[in-house]
Amino acid sequence: MAFTIAIDGPAASGKGTIAKAVAAHYGFAHLDTGLLYRAVGARTLDGTDPVAAAEALTARDLEDEALLRTPGVGQAASRVAEIVGVRSALLDFQRAFSRRAGGAVLDGRDIGTVICPDAEAKLFVTASTEIRADRRYRELVSKGAETTFEEVLADVHERDERDSSRSEAPLKPAGDAVLIDTSDLGIEAAIATAIDAIEAARR
Ligand SMILES: Nc1ncnc2c1ncn2[C@@H]1O[C@H](COP(=O)(O)OP(=O)(O)OP(=O)(O)O)[C@@H](O)[C@H]1O
Ligand SMILES: Nc1ccn([C@@H]2O[C@H](COP(=O)(O)O)[C@@H](O)[C@H]2O)c(=O)n1
C-alpha cells in the first residue's frame with residue numbers, strides 16, 4: 001500500500017539527511033525535489049527559458065550533483081522556483097513519484113502543502129539560521145569550496161526570504177505537520193525524532 005512521507009523545511013535544515021535515512025529505514029523511494037529546481041536553475045544559466053527548461057527536464061539533468069549543489073545553482077533554483085509555469089511543469093512528476101506502491105519520501109518546500117496535501121506523515125524540519133549556515137559552510141569547505149561563513153549565511157538568508165515570501169507554494173509548514181527543530185539535535189537524534197513522529201502517524 002502507498003504511504004507518503006512529506007518533509008519540508010528551509011535551506012540546510014537537515015531535511016535531506018532525514019529524508020534519506022527515513023527512506024532507508026522503511027525501504028521507501030526518496031525524491032529530493034530541490035534537485036529538480038536546481039537542475040532547472042542550472043539550465044537557465046546559459047539563458048535558456050526557465051519554463052522550457054522545466055518542461056524538457058530529464059534524468060540526465062540530475063546527474064551532475066557536484067554542479068547542482070553549488071550556491072550559485074541554489075540561488076538560480078530559488079529564482080526559477082518563483083515562476084508558476086516552472087512549478088506546474090514539475091508537479092505531475094512529483095505527484096506520480098509520491099504514489100509509488102512501495103512507499104515514498106519527498107523532501108522540499110511545498111510537499112506537505114501543495115504536492116502531497118494528503119500525505120500520511122508530514123514533517124517540517126528547521127534549525128536556527130546561524131546553525132544551518134554553519135553546517136552548510138562546513139559541508140562546502142569539506143568539499144574544497146572557497147567561501148566564508150558570512151557568504152554562506154547571506155546565501156541561506158536570501159534563499160529563505162525568497163522561498164518564504166513568493167506567492168506560489170511558499171515555504172511554510174502544513175497545518176498538520178510535526179515540527180522538528182534540529183538546532184540542538186545531532187544527526188542520529190534528528191533521524192530518531194523523525195522516525196518517532198512517523199511511527200505516531202502510522203498508528
Ligand atoms: N542534525 C544535524 N546536526 C548536524 N549536522 C547536520 C544535521 N542534519 C544535517 N546536518 C548536516 O548539515 C548539512 C545540511 O544538511 P542537508 O543537506 O540534509 O540539508 P537540506 O535541508 O536537505 O539542505 P538543502 O535545502 O540545501 O538541500 C549537511 O552537511 C548535513 O550533513
Ligand atoms: N519543493 C521544492 C524544493 C525546492 N524548491 C526551490 O529549490 C531551491 C533549492 O532547493 P534545495 O532543497 O536543494 O535547497 C530552494 O531554495 C527553493 O527555492 C522549491 O521551491 N520547492
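Cβ from N, Cα, C; glycine included.
Features as listed in TrEMBL:
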DOMAIN    5-199  domain 'Cytidylate kinase'
BINDING   Gly9, Pro10, Ala11, Ala12, Ser13, Gly14, Lys15, Gly16, Thr17  ATP binding site
Query raised in the report: Among the binding-site residues listed here, Ser13, Thr17, which has the most company in the form of other Cβ atoms within 10 Å of its Cβ?
Result: Ser13
Query raised in the report: Residues near the ATP site, Gly9, Pro10, Ala11, Ala12, Ser13, Gly14, Lys15, Gly16, Thr17 excluded, by Cβ within 8 Å of the Cβ center?
Result: Ile18, Asp107, Val125, Thr126, Ala127, Arg132
Report task. Scan Gly9, Ser13, Lys15, Thr17 for binding-site residues whose C-beta lands under 6 Å from an atom of ligand 2 and note them, or write none. Result -> none
Query raised in the report: Fewest neighbouring Cβ atoms within 10 Å: which of the binding-site residues Gly9, Ala11, Lys15?
Result: Ala11
Report summary line: On the domain 'Cytidylate kinase' (5-199), the mean of the pLDDT values is 97
